[in-house]
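**Q** Below you'll find the structure I mean.
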There are 2 protein chains.
Amino acid sequence: MKDLATTLDLGSGPAMRARRQIFNVCEQDKITLDIAALRTANPDHWMKAAAIRALTLDAVAAANSGHSGMPMGMADVATVLFEKHLNFDPKMPEWPDRDRFILSAGHGSMLLYSLMYLTGYEDMPLEQIKDFRQWGAKTAGHPEFGHARGIETTTGPLGQGIANSVGFAIAEEIQRATWGKKIIDHNTYVIAGDGCLMEGVSHEAIGLAGMQKLSHLIVLFDNNNITIDGTVDMADVTDQNARFAAAGWHVQAIDGHDPQAIDAAITAAKADPRPSMIACKTHIAIGHAAQDTSKGHGALTDPAQLQSAKEVYGWNYGPFEVPADIKSQWEAIGARGAQTRADWEARFATLSGTKQAEFKRIFAGEAPKKLSATIRALKKQITESQPKVATRKSSEMTLEVINPIMAETIGGSADLTGSNNTKTADLGVFNPDNRKGRYIYYGVREHGMAAAMNGMALHGGAKPYGGTFMCFTDYARGAMRLSALMGVPATYVMTHDSIGLGEDGPTHQPVEHLAMMRATPNTHVFRPADTVETAESWELALTSQSTPSVLCLSRQGLPTVRTEHKTKNLTAQGAYVLADATGKRQAILMATGSEVSVALAARDLLQSDGIGTRVVSMPCWELFAAQDESYRRKVLPAGPVRVGIEAGVRFGWDQWLLGERGNAKKAGFVGMQSFGASAPAEVLFEKFGITAEDTAAQVKALLGL
Amino acid sequence: MKDLATTLDLGSGPAMRARRQIFNVCEQDKITLDIAALRTANPDHWMKAAAIRALTLDAVAAANSGHSGMPMGMADVATVLFEKHLNFDPKMPEWPDRDRFILSAGHGSMLLYSLMYLTGYEDMPLEQIKDFRQWGAKTAGHPEFGHARGIETTTGPLGQGIANSVGFAIAEEIQRATWGKKIIDHNTYVIAGDGCLMEGVSHEAIGLAGMQKLSHLIVLFDNNNITIDGTVDMADVTDQNARFAAAGWHVQAIDGHDPQAIDAAITAAKADPRPSMIACKTHIAIGHAAQDTSKGHGALTDPAQLQSAKEVYGWNYGPFEVPADIKSQWEAIGARGAQTRADWEARFATLSGTKQAEFKRIFAGEAPKKLSATIRALKKQITESQPKVATRKSSEMTLEVINPIMAETIGGSADLTGSNNTKTADLGVFNPDNRKGRYIYYGVREHGMAAAMNGMALHGGAKPYGGTFMCFTDYARGAMRLSALMGVPATYVMTHDSIGLGEDGPTHQPVEHLAMMRATPNTHVFRPADTVETAESWELALTSQSTPSVLCLSRQGLPTVRTEHKTKNLTAQGAYVLADATGKRQAILMATGSEVSVALAARDLLQSDGIGTRVVSMPCWELFAAQDESYRRKVLPAGPVRVGIEAGVRFGWDQWLLGERGNAKKAGFVGMQSFGASAPAEVLFEKFGITAEDTAAQVKALLGL
């Protein structure tokens, strides 16, 4: 066995000071890391943690890629967490009242996979560990939600996990208040690294959690002072403890290799009424030649160094070998949750049948049966009253009928509540004094909001929606992409969806954002034309099980274009004939959102000139693309001139204008070719040439008239 | 005159305590706001500030939109800053050694416009103020860079200004070290609000500035406790003073309506060796009925209330009227900088002719004359040696020849230096001990990096480039869009540009990002196929004056496809014929980046079957679209089957496949239809069907063979 002696900055955490006896205390809070002493002091703990370290080294070496250092550094913290605190049941990973464990530092995926294998998750046999990072394996480079039961969220893009966790904790708070502690009462644990904490989204998450006093949220900070480029202080000198404290958190600093200190700190964190951050001073790649270096962050594959590290651990086993006694100790930890889960099930069984069914429905992510009838009734009323309102207002009108029948909706806005029209009368505001509130003032935190929405949806029992100006989709992109990748049915309420925003100018006017979102796989981008289409879009968003929805809504008032009531949800077809040509069909106008009424007005002009013109409303391209060929052909037959109308860039439109039996010589587009400008909305539509007259002129030109 | 008495939380700033005598001190650090006393205590100051308030009220009322409250609240701070501290010359707004003033809270644009009008900027006559937020006016809803000389940066999307300012301050530090204090020695002042400070990007900016000890950066925080949704504590309870201190900043807290306290605080901030934050406790919409409310944040247009506020101010003048004595006091402030500027010019004239010319070239943003020859020499060498390297490595090889001849480049990476290949041997690292260093370890801060790059470029004298994984374009989107909107020629080095990234998996593999960036106006998206195209792309990026460039670079090694030396920059044409058909031209393969060599291999397969196949390399769509019709027709003639090959989604490709004389029945695409997966890169290309064989098969199917 080798001795590796390095120094460790203890920080000033009081919990730590009590644990110094096993270390050689040096001046200035520095201690010598003595692995031999660590092994001797807590031999059982040590070997359980060593199993994680050895599996990590073996899996990364086999894959010849990955990140060894973090699982090695945080193995002690994770071992104590799983052994003494985490409520989980590997045999039933979806048990609703389990504690959630979020690996925000997702590159350290082997930590999670090792823990899942060791504690006996069925989706994580040893073969999966051996197949780390290979095609078809559940053990992807970063943890991927849906690959193996027990992975709570997809992480890897830094900061997302800690920001998700705020959503997990909010959902837990609301459900605890709603269902009572007997049914919902669990913690959310997060492991986050320096990288997570440098990302901007961590600031938004930490601020939101601090204000909301999310006492069941506990962050274990892997304070190893190493990033890819080198030591953290090459880029950051932030006092993380002071930073979290400034945001209202309970803060502790401990030695992350001291099991008693870890246990004591987690116990204290659970007891504190604030969210809790435990800065765990650790050695990345502990015991390896690359310990405490940025090299240690990556893939450690050198066979001799690997073997040497195992010797330091006292781990005398072959690749992927975990001796039976250590495996059975881990399995005992995994088995610990079975009784807790059974107790919970017994408590759940005491609920009334109605309540049980409601709980199951909500956790299955199913919309209530009456949603459909409720939406139909609204549509009927709208086709009769035919209001001229902005679709953001239409969205509010829809939420006013949805929220009362769906206790699982959790609304909010990134400080634009009155503009996004996201708050309805009955929701109540979620805050430390009202845990049953279902509306969240997210603050000016678009990215944090989106990531929290992911967390709520993943927690289960919640249907989150949140609003901002559509242009600020830019700020939320990192989390919105993860909604799509994970298949999380969150709903983004993106208002002020074009130059129709007006005077605020080009920084606030999306022109490329529809293209950006439509280019993203597994995303439903709805741009409804009026209140009826908005209601239909909401119905689709709320019944979606595995696709996020983006509602792109106007600032400006729009006439009701769906003036005839249809029980069928036409938006579900993605596009449909809104007004057909009178006489010979010479032109098809295709439009979305606020430009559908422009198309209808253009049709009037063209028909009055004897040009038979069809108007196709296209509220959701993705759903139209998913229709069968014969339906698409019916809506977009070959022959007529086609003009697309949308107050955004043409990028992507050629799929419909030139594709689908179109013809480049007979296709045109009315939209934006640049960023917008600051002026009243009606002036902008005029100046940028997005009018019925411009459309009609383009059709005539294409017809050679 | 009316008395408006409200309470003000003083905080615990020591500078403030000294200034209490004019207030009625209440218990718990609360004071009564007594506007009459403020007027009396500093009548000259008061009336100058009142001019800003009155102009703001009048302009917003005339526009019937805008944000009145912030300029009203911060008028005192801005007045003291401009009167006593800011070095500026309205007659020469671009004077290189001026202080920079960044209005991060850009919605308060009337503050900036008022100051510019009052101090005599030629681009800001009273007519512009009257035309606030109208079509064609320089006074857009939010400050737009380029609209009026003197607007340093475009703000409005919250947090961007404060993050830009870090780049301004870094550029100043480097240039001060390089040129000496006689030539460069100025401050960057920022006004930021609660919204800016809640945004994640502010965390990244503050952390970077604190670590870098940017002593010439001074942030004036408009601490008014109001956001759009209500009081800040509805969403945030962060102790901002503690937060900035935790990041290494000098922090003061003052009453933002007390001119002496403001002056003293700015003086202290300038003297401190750290970046400085001054929390200015203010009343939003001071003196108006909407004071201290979220209503006060927006457009205050009620005529009676407007009149009443003016009475509170003692401002007895008509709309847009500034009495001559007050205007001339302001103009005297504006005139103050003329001598300072003249002194600077005299010092500048003492530089050698060569140095003066170099300074002017760099500040004009012009590339050195020898850049072109340097790139040509590299290309020649590459066509001879024909290395097989990743284009990220090609980029490094190019930077190795560029950086020594362009002292203005400032490189960096968001903690992926070794992966992005952004650091060259000669740059040196910029940090508090080496102010001449030109390489920045940005930390895990993609958004902060991009925003800082905008600031450096806008400061002048710097050509910033910065790297991250292309997937994390998502994190930087907010700032990258502003590069495009402002026309800032920053260069984004986005490596690992497809599933070629391999095992890290779908969270790290861009598929929609090329579409996202191509859809964005005024953005050059380069995806070079080999080292020659990479060198050409860099040349175009560095000679760009008003368009940002994104270099999309491979992780994996790529063969040299440009094996014949051409002095001409073929990438400048956007697309070109790389290999023409032998025999009858039956197919055109169009590809970018790593898929160009796939296209060439497919061509070999097809030609060996007697199918004449042209390969078109398309490194930059935007530049190809800008070519004249006849060139585009030559590259993409009508007739042959067309297949696009790109390891991303098809979205946008129909422009080239179906448009430009294409034919939907004879067009195909080889690329991604979903997110990627975790596996070795070569397996992924195989599994997702992006190979020469797949391409050849698709061509044959389209040819009916």
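FYI, residue positions are counted from 1 along the chain as it appears here.
Using N, Cα and C of the backbone, Cβ positions are placed for all residues, glycine too.
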**Q** Check TrEMBL for me: it has A:ASN224, A:ILE226 binding Mg(2+), so pick out which one of A:ASP194, A:ASP258, A:ASP263 it puts in that same site.
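**A** Candidate listed by TrEMBL for the same site: A:ASP194.
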**Q** Please identify which of A:SER276, A:SER328, A:SER413, A:SER419 is recorded by TrEMBL as part of the substrate site containing A:HIS67, A:HIS297, A:ARG392, A:HIS496, A:ASP504, A:HIS508, A:ARG555.
**A** A:SER419
**Q** Figure out which of A:HIS85, A:HIS107, A:HIS524, A:HIS565 sits with A:GLY156, A:PRO157, A:LEU158, A:GLY195, A:ASN224, A:HIS297, A:PHE472 in the thiamine diphosphate site per TrEMBL.
**A** A:HIS107
**Q** Around A:HIS67 (substrate binding site), which of the listed binding-site residues (A:PRO157, A:ASP194, A:PHE472) come within 10 Å, judging by Cα atoms?
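**A** Near A:HIS67 (substrate binding site) by Cα: none of them.
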**Q** Closest of the binding-site residues to A:ARG555 (substrate binding site), Cα to Cα, picking from A:GLY156, A:ASP194, A:ASN224?
**A** A:GLY156
**Q** In whole Å, how far is A:ILE226 (Mg(2+) binding site) from A:SER419 (substrate binding site) when you measure between their Cα atoms?
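**A** Cα-Cα, rounded: 43 Å.
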**Q** Are any of the binding-site residues A:HIS67, A:ASN224, A:ILE226, A:HIS297 near chain B, where near means a Cβ under 8 Å from a Cβ there, and if so which?
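**A** Listed binding-site residues passing the 8 Å Cβ cut to B: none.
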**Q** Can you tell which of A:ASP194, A:GLU446 has the least company, meaning the fewest other C-beta atoms within 10 angstroms of its C-beta, among these recorded positions?
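**A** Comparing Cβ neighbours within 10 Å for the recorded positions A:ASP194, A:GLU446, A:ASP194 has the fewest.
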**Q** Please work out the number of neighbouring Cβ atoms within 10 Å of the Cβ of A:ILE226 (Mg(2+) binding site), leaving out its own Cβ.
**A** 28
**Q** Please report the distance from the Cα of A:HIS297 (substrate binding site) to the Cα of A:ILE226 (Mg(2+) binding site), rounded to the nearest angstrom.
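**A** Checking the Cα atoms of A:HIS297 (substrate binding site) and A:ILE226 (Mg(2+) binding site) gives a distance of 8 Å.
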**Q** Can you tell me which of the recorded positions A:ILE226, A:GLU446, A:HIS496, A:ASP504, A:HIS508 is spatially closest to A:GLY195 (thiamine diphosphate binding site)? Compare CA atoms only.
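**A** Looking at Cα distances from A:GLY195 (thiamine diphosphate binding site), the smallest one goes to A:ILE226.
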**Q** Want to know which binding-site residues, from A:ASN224, A:ASP504, A:HIS508, are within 10 Å of A:ASP194 (Mg(2+) binding site) at Cα; which are they?
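**A** Cα within 10 Å of A:ASP194 (Mg(2+) binding site): A:ASN224.
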**Q** What does the structure give for the C-alpha distance between A:LEU158 (thiamine diphosphate binding site) and A:ILE226 (Mg(2+) binding site)? Integer Å is fine.
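**A** Between the alpha carbons of A:LEU158 (thiamine diphosphate binding site) and A:ILE226 (Mg(2+) binding site) there are 15 Å.
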**Q** What does the structure give for the C-alpha distance between A:PRO157 (thiamine diphosphate binding site) and A:GLU446 (active site, proton donor)? Integer Å is fine.
**A** 16
**Q** Helix, strand or coil: which one is A:ILE226 (Mg(2+) binding site) in, per DSSP?
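**A** It is in a strand.
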**Q** Work through the binding-site residues one by one (A:GLY156, A:ASN224, A:ILE226) and name whichever has its CA nearest to the CA of A:HIS508 (substrate binding site).
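**A** Looking at Cα distances from A:HIS508 (substrate binding site), the smallest one goes to A:GLY156.
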